[in-house]
Amino acid sequence: MGGSSRARWVALGLGALGLLFAALGVVMILMVPSLIKQQVLKNVRIDPSSLSFGMWKEIPVPFYLSVYFFEVVNPNEVLNGQKPVVRERGPYVYREFRQKVNITFNDNDTVSFVENRSLHFQPDKSHGSESDYIVLPNILVLGGSILMESKPVSLKLMMTLALVTMGQRAFMNRTVGEILWGYDDPFVHFLNTYLPDMLPIKGKFGLFVGMNNSNSGVFTVFTGVQNFSRIHLVDKWNGLSKIDYWHSEQCNMINGTSGQMWAPFMTPESSLEFFSPEACRSMKLTYNESRVFEGIPTYRFTAPDTLFANGSVYPPNEGFCPCRESGIQNVSTCRFGAPLFLSHPHFYNADPVLSEAVLGLNPNPKEHSLFLDIHPVTGIPMNCSVKMQLSLYIKSVKGIGQTGKIEPVVLPLLWFEQSGAMGGKPLSTFYTQLVLMPQVLHYAQYVLLGLGGLLLLVPIICQLRSQEKCFLFWSGSKKGSQDKEAIQAYSESLMSPAAKGTVLQEAKL
């Protein structure tokens, strides 16, 4: 009896423990999603106490700017009206460092800051050096000629004579460093003297002269501390709640974030919106597919076909016009009238007429499309590759001899890629705190529930087995009594007189 009693108490103890585990599992199922959400919101908001604040303040991920040039192989033939032939040169790679300074938290749940940016050439990652010479269109001559097209003949003649005097030609042969970071040009001085509002610069002229050791202006964004629904959204840029470069209210809107973090808890229906001062507009990327980056689940967002579509293909983009072929965006209104166009590299996803007008272009999605891989729970980018091309519209301008017989064409100048992928300690910390721990909690709730269910079966099984033993005992006892009664009855029948006589008769026979 003692052993049976102990077994019964053990079974009851295991059952109680199972009930406790099951209750904990149910509580976790009800509470864990809310706890995870609170933990994520606590760590992605712009607040000095949040886990992501240091990452937001100074990007710890190695970020690179890779530049590819379209060298013009046949400049003399282009001047005589032939189709341009280009050859891609590069990449020329720069390590990009970004740090937010002048961080000021405001009373309306926003924070203002300036993000300083510096670029450092990486010879080991580049195919060439900054001293490489490259033949490109002379933007000052050909771009300036377009701007002078509607000017009086006298001004055109003055410009032609000035170009001859200064030895300026339609195409130039300069180093990578000069093209990107600037060079002294007497023509810049001439334009600033006689057409003072034509150029935004007073010193050196270069395509990226304002990108190094500089910033993109003052951003004011929502922190998400008081109102989670607006987290990371841009409130103002340089004090403006909208821009005035374009011809419609929609195109002038400042939408989305500053392009570094987005709101958490994304779904495949979510989109990535951000404002780019360099592109002078807001952009929207759409969900493409689910992926895994270094063990972390991500959503890949890519550019829709409508991003650079013209107004006839996509009416909401009409405000960015005057437009040319679909797939390129005229950015002259925010580049002081210079006939510059923004697009995907090699005119990928643009009207084929554009790539067919220039020999040497080979657009393909693998090499020339852009993407951002975002962790959907936190809205933090894990891997990104943003690619853009800058092109110049050139043609012969009557009255300016340097433009020769150039046929109208949108000629690519260069394309660049800004890329970065989270790794090292930041990736490890991110994975542990915001991926691994939520996963452990998620699975723990079901483990507890399952284990609790199994332990609850122990006393039930023991009870059933105990009842079975009792049944067998009583069944056995009843059967034994019946057998004894049968034997006794048989014995008594043998001892009766009638039975004895029968037995004697059988013996005599």
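Cβ atoms are placed via backbone N, Cα and C, with glycine included.
If you look up Swiss-Prot, you'll see C251-C384 marked as disulfide bond. Among the features that Swiss-Prot reports, N-linked glycosylation site is placed at N102, N108, N116, N173, N212, N227, N255, N288, N310, N330, N383. If you look up Swiss-Prot, you'll see C462 marked as S-palmitoyl cysteine, on the strength of a curator's inference. Taken from Swiss-Prot, the feature topological domain 'Cytoplasmic' covers 1-11, 462-509, and the record attributes it to sequence analysis. Swiss-Prot lists 33-440 with the feature topological domain 'Extracellular'. Swiss-Prot lists 12-32, 441-461 with the feature transmembrane segment.
Among the recorded positions N108, N288, C384, the residue whose Cα lies closest in space to that of C462 (S-palmitoyl cysteine) is N288.
When the Cα atoms are compared, N255 (N-linked glycosylation site) and N102 (N-linked glycosylation site) turn out to be 23 Å apart. The Cβ neighbour count for N173 (N-linked glycosylation site), using a 10 Å radius over every protein chain in view, is 13. Taking the Cα of N102 (N-linked glycosylation site) as the reference point, the closest of the glycosylation sites N173, N227, N383 is N227.
N330 (N-linked glycosylation site) counts 20 other C-beta atoms within 10 Å of its own C-beta, drawing on all protein chains shown. N310 (N-linked glycosylation site) and N330 (N-linked glycosylation site) have their C-alpha atoms 10 Å apart, to the nearest angstrom. Among the glycosylation sites N116, N310, the residue whose Cβ has the fewest other Cβ atoms within 10 Å is N116. Put simply, C251 is the one of the recorded positions N108, C251, N288, N383 whose Cα lies nearest to the Cα of N330 (N-linked glycosylation site). For the topological domain 'Cytoplasmic' (462-509), the model gives a mean pLDDT of 53. When the C-alpha distances from C251 (disulfide bond) to the glycosylation sites N212, N227, N288, N383 are tabulated, the minimum falls on N288. Counting every protein chain shown, the number of other Cβ atoms lying within 10 Å of the Cβ of N255 (N-linked glycosylation site) is 15. It is 14 Å from the Cα atom of N288 (N-linked glycosylation site) to that of C384 (disulfide bond).
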